[in-house]
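Working notes for the structure below.
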Amino acid sequence: MGAVILPDLGTEILIPACAVIGIVFALFQWLIVSKVKLTAGIDSSSEPAPKNGYNDSLIEEEEGINDHNVVLKCAEIQNAISEGSTSFLFTMYKYVGIFMVAFAILIFLFLGSVEGFSTSHQPCTYDETKMCKPALATALFSTISFVLGGITSVISGFLGMKIATYANARTTLEARKGVGKAFITAFRSGAVMGFLLAANGLLVLFITINLFKIYYGDDWGGLFEAITGYGLGGSSMALFGRVGGGIYTKAADVGADLVGKVERNIPEDDPRNPAVIADNVGDNVGDIAGMGSDLFGSYAEASCAALVVASISSFGVNHEFTPMLFPLIISSVGLLVCLLTTLFATDFFEIKLVKEIEPALKKQLVISTALMTIGIAIVSWIALPSTFTIFNFGEQKVVRNWQLFLCVAVGLWAGLIIGFVTEYYTSNAYSPVQDVADSCRTGAATNVIFGLALGYKSVIIPIFAIAVSIFVSFSFAAMYGVAVAALGMLSTIATGLAIDAYGPISDNAGGIAEMAGMSHRIRERTDALDAAGNTTAAIGKGFAIGSAALVSLALFGAFVSRAGITTVDVLTPKVFIGLLVGSMLPYWFSAMTMKSVGSAALKMVEEVRRQFNTIPGLMEGTAKPDYATCVTISTDASIKEMIPPGALVMLTPLIVGIFFGVETLSGVLAGSLVSGVQIAISASNTGGAWDNAKKYIEAGASEHARSLGPKGSDPHKAAVIGDTIGDPLKDTSGPSLNILIKLMAVESLVFAPFFATHGGLLFKI
C-alpha cells in the first residue's frame, strides 16, 4: 500500500489553517471595501482634501462637482434595499426553522427505529465480523449534523446578502472615479462572500468530524454515515432559499419590467417605478443568498459522498486518517489557490477600460483551474498512499494515487469547459445571442423561438463533458472517483462564488445610480459591469448544475451501496416505473416554480398599475411611489409559494422508499438526475441569452445592435418580452433544479438504513 508523506498531525493543522486563512482574507477584503464612505463627509469640506486621499473618493472628478446629495441619496436607497432583504430572509428563516425542527425529529425517529431504538452494539453493515455503534447513535448524530448543515447553509446565505447590500452603493460611488474602481469594489465584495462561505463550510465539517470521532472511535463507517446529515441540512435549506428567493426576485422583476418598460416606457430601475426597490432586494435574496446556500450544499454533499465511500474502502478499514480526509484537503488547497487567483484581479492587474472587464473575470476561472491542477497533483502525491483499494459495489478495487489525481482533474477541467460553453451561449459577444437579438426584428414570437432553440442546443457539450468525466473517474476509482471529480469541479468554489456574487452587486449598483439620478455616463459604466456580471452568473449556474450532476451520481452510488442493492436493473418493472416517475419530477417541479412566479408577478403588475393610475404626479416624478407595498407582495407570495415545490422534493424519496422500496427509489433518483440536468442547463441558458440579447440592443455597441435599437423601439420591446419570459427560467426553475437532483439523492442516502429495513410496504402485502 505504501506510506503517506503527509503525517496525520499535518492534516490536523493544514485543514483548519487553510480555513482560517480564507476567513482572514475575506475580512481583509471587506475592510478595504468599507473604506469607501457612504456618509456625506461633512468634515472633509471644512479643510482641503489630500489629492489622492479617501476624501477625494466622493468627488465627481470629471464633472467637477462634490455633490453630497447624491451620496446621501445612495445611502438612503442602499438602506431601503438592505432592510427589505433582511426582513425577507428573517421571515423565510422563521418558516424554514420550523421545517428544520420537524425534519430533524423525523430523521431521529426513522433512523432510530431501524434497530427498534436499541442501545446495544450491532454487527457492522459492511463487515459483520465486527461490532459497530448502535443505530440509535447514528440517528442522533445524523440529526445533529443535519441541524449543523442547515445552520451553516443559512448563515452562508445571510452573510452573502449582508455583504452584497453593504457593497452595492459603494460600487455606484466608485463608478464616478472610473470603471476600474467600481469593478474592484464589486469584485472584492464578491470575494468576501466566496471565501467566507468556502472556509466556513470546510471548518464546520472538519470540527464536526473530529467531535464525532470522540464517540465513534474506530467505527469510521458509522461516523461518516452520520456525517451525511450535514449535506442534507445544507441542501434542504438551500432549496427553500433558492425557490423562495427566486420567486421573490422574479415576481418583482417581471412586474417592474412589464409595467415600467413595456407599458409606461420608462427606463429600468427608474425611481418612479413602485416595484424598483423590491426588484433590487430580489437580486440579493435570490441571486446572492440562494446561490450561496446552493453552492454550500453542493460542496457539503460532494464531501459527504466521498467520505462515505472512503470510510468503507482501505482508508477507513485501515484507519488511515490523512487519505481519509483527502476530500477536505482538496478543498483546503482550493482556498489557497483561489486566494492567489483573486489577487490577479484586485492587485496584480488594473482594469481601465470597459472591454477589459469580461476577460478579467474569465481569466479568474482559467488561472484558478490551472493552479488548482498543480495543487491537486501535489496533494495526491503527499496525502495518498501509492496504491489503495476503493469500495466498488461489494468488491474492493485497487487504485493508484495518479489515477485519483486524474479523477479530480477531469472534474475540474470539465467544470471549466461547461463554464466556457455557457459563456459562448449567453454572452452577447458571440453569434448565438446576436442571432436571438436579430430575431427581435420580427417581434417577440421569433425571439422566443430562437431563444428556446439556443437553450436546447446549449445542453449538448456540457452533457458530453459530464459524461466523459463520469466515465473516466468511474473507470479509475468507481463511485469514489465520481465524488472527488465533483469536488474537483467545486474546488475553486471561492473564486466561482466571487465571480457570481459580483453580478448582482453590479446590477444593484446600476439600479442605485439610476434611482439617485446620477449622470448617464455613470449608468453606462454600471451597465457594462452588469452585462459582464450576467454572463459570469450564467457561468456560475453552469458550474452549479455540472457539479450537481456529479454529486448526485456519487450520492446515488453511496445510497445503492448502503441500501444493499448489487445492481440496478432497468428491465425490472420496479426500477423502470421509478425511472419514468423520476424523469417526470423535474417537469412537475419546474411547473410549480414557473406558475408561482407567474401568479406573484400578476399581483405585482396589478399593484404597480394601480399606483401609476391612482397616485397623482407619479409619472411626472413629483410624487413618491409606495415601495413598501410591492416589497410586501413579493415577500408574502414567495413564502407561500415556496412550500409546495419544497414539499415535493422532500417527500418524494420518503414516500417512494417507504411504500415502494429501495429498488424503485434507485430508479426515481436515476430518472430525476438524467432529466433534471438537461432541463436545468437549457432553462438557465435560454433565460441568460434572452437577457443579454436585450442588453445587446440597449448598449448599441455595434452597427448591428444600433440597427435594432434604441430603447423603446419595436425590436427592443420584443427583446424585453423575451427577457421577461426568461427571468423565471434562469433565476427560479433552472437553478432550483440542481438542488432537486442533489437533495433527493442525499436524503435517500441518509434514510437508506430505514428504507432497507422497513421500506417497500406495498410489495410486502
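Don't overthink the numbers, they just go from 1 along the chain as shown.
Placement of Cβ uses the backbone N, Cα and C atoms for every residue, glycine included.
Quick look at what TrEMBL annotates:
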- 13-33: transmembrane segment (TRANSMEM)
- 95-114: transmembrane segment (TRANSMEM)
- 134-161: transmembrane segment (TRANSMEM)
- 182-209: transmembrane segment (TRANSMEM)
- 296-317: transmembrane segment (TRANSMEM)
- 324-345: transmembrane segment (TRANSMEM)
- 365-384: transmembrane segment (TRANSMEM)
- 404-425: transmembrane segment (TRANSMEM)
- 459-487: transmembrane segment (TRANSMEM)
- 543-565: transmembrane segment (TRANSMEM)
- 571-589: transmembrane segment (TRANSMEM)
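The stretches the transmembrane segment (459-487) and the transmembrane segment (365-384) do not meet in space: the count of Cβ pairs below 8 angstroms, excluding pairs fewer than 6 apart in sequence, stays at fewer than three. Within the same chain, residues 645, 648-649, 652, 656, 660-661, 663-676, 679-680, 733, 736-737, 740-741, 744, 763 sit at least 6 positions outside the transmembrane segment (571-589) and bring their C-beta atoms closer than 8 Å to a C-beta of that stretch. In this chain, the transmembrane segment (324-345) lies out of contact with the transmembrane segment (134-161); the count of Cβ pairs under 8 Å, excluding pairs fewer than 6 apart in sequence, is fewer than 3. Listed as Cβ neighbours of the transmembrane segment (404-425) (distance under 8 Å, sequence separation of 6 or more from its ends, same chain) are residues 326, 330, 362, 365-366, 369, 372-373, 376-377, 380-381, 384, 432-433, 454-455, 457-458, 461-462, 465-466, 468-469, 472-473, 476-477, 480-482, 484-492, 535, 538-539, 541-543, 545-547, 550, 681, 684-685, 688-689.
The stretch in closest packing with the transmembrane segment (13-33), judged by the count of Cβ pairs under 8 Å and taken from 95-114, 182-209, 365-384, is 182-209.
Sequence-distant contacts of the transmembrane segment (182-209) (same chain, six or more residues past either end, CB-CB distance under 8 Å): 15-16, 18-23, 25-27, 29-30, 32-33, 36, 145, 148, 152, 155-156, 159-160, 163-164, 166-167, 170-172, 174-175, 223-224, 227, 230, 234, 288, 292, 295-296, 299-300, 303, 307, 325, 328, 331-332, 334-335, 338-339, 342, 345-346, 351, 357, 360, 493-502, 505-506, 509, 525-526, 529, 533.
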